[in-house]
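Chemist: This is the structure I want to talk about, given as structure tokens.
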């Protein structure tokens, strides 16, 4: 009898301990198990369609190679000894805010290596912090991937999915194709982050509801093996087919030519190396790191006729523009402080501005595209302003 009572007491004691332990564990993690309805919200979308301003201008800020890590604890690279102690990712954030306040862009184009994957333990958190100033100011933005973004906790598909769902983003995972039986489906295409952004004419103008400016974004890949050799990625044939198909779709019948277009991607094409032997504007300070494959990008741009310039990153201490067969290829210049650079060479950003032509009583299509850079110095110095394209033609039938 005494033995039975002892066993019963032990059982009650064990059960009490187990219940207490479970209650303790639940108290520690309950905030993670319950939905906080106050934090559930929809993506804040930009005002679409994007369009030119009342003054007939549209301005794009290109941000190349932020290489963002984990904020304050991620130190700068290649800065002066006197700057190093207090230099971190926050310097990159501060520079982005300065550029936004100075230029007031209509769109920000993040052209890859937005985060430096190996320097963060949480890719999503790093992206939120890196892109944060664009969201704070409510500015529409678009992003493509570089060759370092995916080296952390998210793969390339997951990264583009996340980027497309962030506030004020116009980024897309890949282009959609209309299917009468299935609805919109994603086109089978190489990479993640191939998409088109249309810009409409100025409010109240005859082209207010028409595409007058096309912006094409591409995934230029990561690393690949070609004939046993390791090389960088490149824009593939499927992407170029999509570009050609898309560029002829959906333009207003009021415009007698395809609107001018720009392209944005991370890794330069092979032909950019040839610019060393030509006049260029800016600085050509390092070799062009690109694929050994001649991708057909230049030939496609030339055959289309309306792609006026392409903007890229990847080689941080190159910031030049040069022209190949009538198409400009421009580096953004290294933006981020955790990216490699040169101690006496200021981080920088590129600005692109398009201006509409003025008819007798209305804004017409684009008349001029120009670009310049700003340095992250005391004065946010403006350098290397140049015209990329200009026309005297009328755009209307």
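Keep in mind that glycine also has a Cβ here, set from the backbone N, Cα and C atoms.
So Swiss-Prot lists the following for this protein:
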type	residues	note
SIGNAL	1-30	signal peptide
CARBOHYD	91	N-linked glycosylation site
CARBOHYD	209	N-linked glycosylation site
BINDING	314, 315, 316	substrate binding site
BINDING	316	Fe cation binding site
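Could you place the listed features in the three-dimensional structure?
Modeler: Around the Cβ of residue 91 (N-linked glycosylation site), the number of neighbouring Cβ atoms within 10 Å comes to 18.
Mapped onto three states, the DSSP output places residue 209 (N-linked glycosylation site) in coil.
In the three-state DSSP scheme, residue 314 (substrate binding site) falls into the coil class. Note on residue 314 (substrate binding site): other Cβ atoms within 10 Å of its Cβ, all shown chains, come to 25.
Non-local contacts of residue 316 (substrate binding site) by the CB criterion (under 8 A, 6+ apart in sequence, same chain) comprise 64, 65, 286, 333, 334, 339, 340, 341.
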Chemist: Can you name every residue in this chain, apart from 314, 315, 316, with its Cβ inside 8 Å of the center of the Cβ atoms of the recorded substrate site?
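Modeler: Going along the sequence, the neighbours appear as 64, 65, 286, 289, 313, 317, 318, 331, 334.
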Chemist: Please report how many Å separate the Cα atom of residue 314 (substrate binding site) from that of residue 91 (N-linked glycosylation site), as a whole number.
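Modeler: So the Cα of residue 91 (N-linked glycosylation site) lies 20 Å away from that of residue 314 (substrate binding site).
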Chemist: Using Cα coordinates, what distance in whole Å links residue 315 (substrate binding site) and residue 91 (N-linked glycosylation site)?
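Modeler: Cα of residue 315 (substrate binding site) to Cα of residue 91 (N-linked glycosylation site) measures 20 Å after rounding.
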Chemist: Starting from the Cβ of residue 209 (N-linked glycosylation site), draw a 10 Å sphere and report how many other Cβ atoms land inside it.
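Modeler: Its Cβ shell of radius 10 Å holds 12 other Cβ atoms.
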